[in-house]
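Going by Swiss-Prot, these are the annotated features:
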BINDING   Ala12, Ser13, Gly14, Lys15, Ser16, Thr17  ATP binding site
DOMAIN    4-201  domain 'DPCK'
Amino acid sequence: MVYSVGLTGNIASGKSTVAEFFSELGINVIYADKIAKELTSKDTPCYQDIILHFGSSVVLNNGELDRKHIRDIIFSNSNERLWLESLLHPVIRKKIEEQLIVCTSPYCLIEIPLLFNKHHYPYLQKVLLVIAPLESQLDRIVKRDHCTKKQALAILATQPNLEQRLEAADDVLINESGLSELKAKVNKLHQKYLREAKIKQ
């Protein structure tokens, strides 16, 4: 199977921008969140399980899941978050594996927001952690989710702590300057992963 790098980091750390930079370099990127969205689209088995568990309050008028409402529930209740993770994560892992088989680039990048146990993803050779200063994260969450700073802090509080993240990481990318510096750091890592992927072959 192709050499694989897991890309992770707390919410609003700049993961998606980093993933875009790798994509611009010709690297196939698999998005765990996108897979999760597809798995929970209308009338799928996971969609049915979620409605059975949470009730009709999580369904919009058009029949789609009210993702914002579900997000609010799981951010305020760790048991509900764990239930949802235990439902989705095994299926997401399987789908990632299927996509890796058809990967055409020298190595593959997999964006997995909640990656703090490498053993759950045995096909990963490396884990790249993106971290950003707290204030930057808060600003991004407030702008993106149109929420208050207090709500943004509550969202961040549900994320794995940095120590947990660092334990799983092989490489750490600090996103604290502008985009050009971030791009330069990605280019450097890209060269490193190309070398490592070549050695693996």
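Indices start at 1 and increase along the chain as displayed.
Glycine too: its Cβ is placed from the backbone N, Cα and C atoms.
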Q) So what sits near Lys15 (ATP binding site) in its own chain, CB-to-CB under 8 Å and at least six residues off in sequence? A) Leu7, Thr8, Gly9, Glu111, Pro113, Val130
Q.
Applying a 10 Å Cβ distance cut-off over all chains shown, what neighbour count does Ala12 (ATP binding site) have?
A. 24
Q: Select the most exposed residue of Ser13, Ser16, Thr17, where exposure means the fewest other Cβ atoms within 10 Å, treating these as the binding-site residues.
A: Thr17
Q: Could you tally the C-beta atoms, other than its own, that fall within 10 angstroms of the C-beta of Gly14 (ATP binding site)?
A: 21
Q.
List the residues in the vicinity of the ATP site, defined as same-chain residues other than Ala12, Ser13, Gly14, Lys15, Ser16, Thr17 with C-beta within 8 angstroms of the site's C-beta centre.
A. Gly9, Val18, Val130, Ala132, Arg140, Asn175
